[in-house]
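Lifted from TrEMBL, the feature list:
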DNA_BIND  131-230  DNA-binding region
DOMAIN    3-117  domain 'Response regulatory'
DOMAIN    131-230  domain 'OmpR/PhoB-type'
MOD_RES   ASP52  4-aspartylphosphate
REGION    121-141  region 'Disordered'
Amino acid sequence: MSKVLIVEDERAIVEILKFNLSREGYETLEALDGEAGLQLARTADPDLILLDVMLPKLDGFSICRQLREGGISTPIIMLTAREEENDKVFGLEAGADDYITKPFSMRELMARVKANIRRRTLDSAEGPAPSQETPSTGLVLDPDGFAARKNGVLVELTQKEFDLLSFLMAAPDKVFTREELLDKVWNYDYYGDMRTVDVTVRRLREKIEDDPGKPAHILTKRGAGYYFVL
Ligand code: CA
């Protein structure tokens with residue numbers, strides 16, 4: 001049974017999330033403040049974290065950043081307020097895989113939870129993939145640990161960074177539109193926000209490019225999308 005950690009200080013939202021997640025067969029854990037949330041995220045090994053932004057003691061962005069800095073790659077969906085447009089980008093930059101704006105429809109939220117957990121399950125069920133070393137870049141995917149190795153140096157990736165990089169690397173030089181990437185990598189063909197793709201690309205470049213401002217591997221095709229170059 002997949003385990004979802006809910007970090008949210010509004011009791012009513014926690015209750016409705018618990019109700020709907022259990023009905024869909026998920027086990028739930030809850031934390032009503034940021035410190036408790038960070039603690040549970042580290043110790044309870046959840047399969048997915050629903051993370052509110054405004055929390056007592058420690059905010060959602062800080063939790064997200066601390067988890068990623070500690071090498072924890074659990075999928076994180078930020079719960080952001082609709083009026084706080086910047087929160088979406090801040091959350092993704094802090095290492096979240098996705099966000100959903102409040103007030104959200106339960107149907108949309110459950111679809112996102114499923115999409116993120118499904119990918120994780122598929123990834124781990126595939127087991128160690130054959131080495132995908134690309135000698136010209138020295139960039140190797142490490143499917144077990146949501147990481148890559150660049151010239152032998154381990155680069156920790158979040159799940160979505162890993163998914164996006166492996167997807168692009170599988171078809172070098174092929175240009176994918178943001179819509180295609182949202183569909184194939186995030187499993188959404190609806191509610192798509194292109195900034196999700198842009199911010200994840202930016203994060204990836206910061207990790208794998210020598211000069212993220214002049215990327216050599218993940219390139220932008222102006223007006224079209226992104227492509228990978230060996
Ligand atoms: Ca809150």
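Heads up, the Cβ atoms here are built off N, Cα and C, so glycines get one too.
Taking H, G and I as helix, E and B as strand and the rest as coil, DSSP gives the domain 'Response regulatory' (3-117) the counts 54 helix, 26 strand, 35 coil. Other C-beta atoms found within 10 angstroms of the C-beta of ASP52 (4-aspartylphosphate) number 24, with every protein chain shown included. Across the domain 'OmpR/PhoB-type' (131-230), the model assigns an average pLDDT of 84.
Using DSSP to sort the residues of the DNA-binding region (131-230) gives these counts of helix, strand and coil: 34 helix, 22 strand, 44 coil.
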